[in-house]
Amino acid sequence: MMKKPLLVLSALALGISSVITPITATAALPVSVNNQQLPSLAPMLEKVTPAVVSIAVEGKHTSTQQLPDSFRFFFGPDFPEEQIREQPFRGLGSGVIVDAGKGYIVTNHHVIDGADKIIVQFHDGRELTAELIGSDNMSDIALLQVKAPKDLTEIKLADSDQLRVGDYTVAIGNPFGLGQTVTSGIVSALGRSGLNIENFENFIQTDAAINSGNSGGALVNLNGELIGINTAILGPNGGNIGIGFAIPSNMVRSLTEQILEFGEVKRGVLGVQGGELTAELAEAFGYETNQGAFVNQVMPDSSAEKAGLKAGDIIVSVNGKNIRTFGELRAKIATLGAGKKVTLGIVRDGSKAKDFTVTLQEMAQNTMKADNLHPGLVGAEFANTSSSDKTKGVKVINIDEKSLAARYGLLKGDIIIGLNRSPIKNLGQLRKALEKKPAVLALEVQRKDAVLYLIIR
């Protein structure tokens, strides 16, 4: 009996190892018929492909290994129970130049995650070292910068909200490390969510061939405008079967703007729980279609409650743009910054949609573990300080008492306000400082009413 192929969701960054399988050649179409030039993507691609780059990364993954009991017996109880190991890795991906003058390049977070060294290869063969400006693992977006850029080409970002199913798409990237490759297809679906790839999903689905190494590459329209950043595929054992996913350009634009302003993404939160608007729910609430986000709970003291939203409301638009699903609503709100005013179209009790203005609160602070960032901080977990903290910085919210950081004196409740003579005000700044892989950490720590320095080697 034949086994069914396993379908898996795969991120598209490529570890360096692959197998080349020859295929037979096929005949090409003529360039003209009756002296009439056939339609071609070549003129558009000649302008766009120089804006898509290849990215090579090197780094080390940190892991811990329990020391055998025999070792603990031999060396005594004061010897560390865990051994820290660093495993080198290399990887390949793609990126898109979005600002030629400043050298800004967008890629996926998973392409550069844990990298010590990031090398960007341009269309003309030049190679430059890139610096990580900031990244967001919850949406899988990262922003890089190359210094002193010359003669670069950038891609204009399209309004991805204007996309329709059936629009033509072109994917550009570096699959399997072969070099720049172009494939074409159409928009197969919009607003894809529930795939458990990222925390906030509002993917463009396309059948343009996307493979490992395409991560961070461009999905463009026939005008050569960026409509998405290629991120993942669904296929047997990670192979391409024409189901690829890209992060919409409007989400990319919002996230990169926040990274440039704050060093991280400061998400707004609406404060509702809900689900998809099924046909049964739509009928029960007197709504004619099942497009929209159904609200089944409004959280106390939330932005939504203060604006007058109620359980049973149907959210049909955000800032005048229609919402198809609750997942799409969640993703759109998450890309908007805290403090932003948002106009929601609400259908209530079968009446026509009415506008509600909501001022978004800041999402509950994210946490960060530094296990893959620096061996000296393995076992420690951090969060941004809250409004109740007198000092602004990064708070230690959990720490393994047997960890190296704890042995050097770091305590739960400590607030890190500086690292190696640079101020630390949020998780984004701490991550960025640690990603430079300093050999020694000089932590400036606020502990109750005292400020002290901890040196971790």
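Glycine is treated like the rest: Cβ placed from N, Cα and C.
TrEMBL does not curate its annotations; it predicts them automatically.
For HIS110, ASP140, SER215, the entry in TrEMBL reads active site, charge relay system. Residues annotated as substrate binding site in TrEMBL: GLU58, HIS110, ASP140, GLY213, ASN214, SER215, LEU270, GLY271, VAL272, GLN273, GLY274. Here TrEMBL flags 259-350, 357-449 as domain 'PDZ'. Among the features that TrEMBL reports, signal peptide is placed at 1-27.
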What DSSP gives for HIS110 (active site, charge relay system), in three states, is helix
According to DSSP, how is the domain 'PDZ' (357-449) divided among helix, strand and coil residues?
-> 15 helix, 33 strand, 45 coil
To the nearest whole angstrom, what is the C-alpha distance linking ASN214 (substrate binding site) and HIS110 (active site, charge relay system)?
-> 12
Nearest to GLU58 (substrate binding site) by Cα distance: which of the active-site residues HIS110, ASP140, SER215 is it?
-> HIS110
Binding-site residues listed as LEU270, VAL272, least Cβ neighbours within 10 Å | VAL272
Please tell me which one of the active-site residues listed here (HIS110, ASP140, SER215) sits closest to VAL272 (substrate binding site), measuring Cα to Cα?
-> ASP140
Would you give the longest CA-CA distance, in whole angstrom, between residues of GLU58, HIS110, ASP140, GLY213, ASN214, SER215, LEU270, GLY271, VAL272, GLN273, GLY274, the set recorded as binding substrate?
-> 42
Which state, by DSSP, holds GLU58 (substrate binding site): helix, strand or coil?
-> strand
Inter-residue Cα distance where the pair is GLY274 (substrate binding site) and ASP140 (active site, charge relay system), in Å | 24
Summarise the domain 'PDZ' (259-350) by DSSP state, stating how many residues are helix, strand and coil.
-> 25 helix, 29 strand, 38 coil
CA-CA, which of the recorded positions HIS110, LEU270, GLY274 lies nearest SER215 (active site, charge relay system)?
-> HIS110
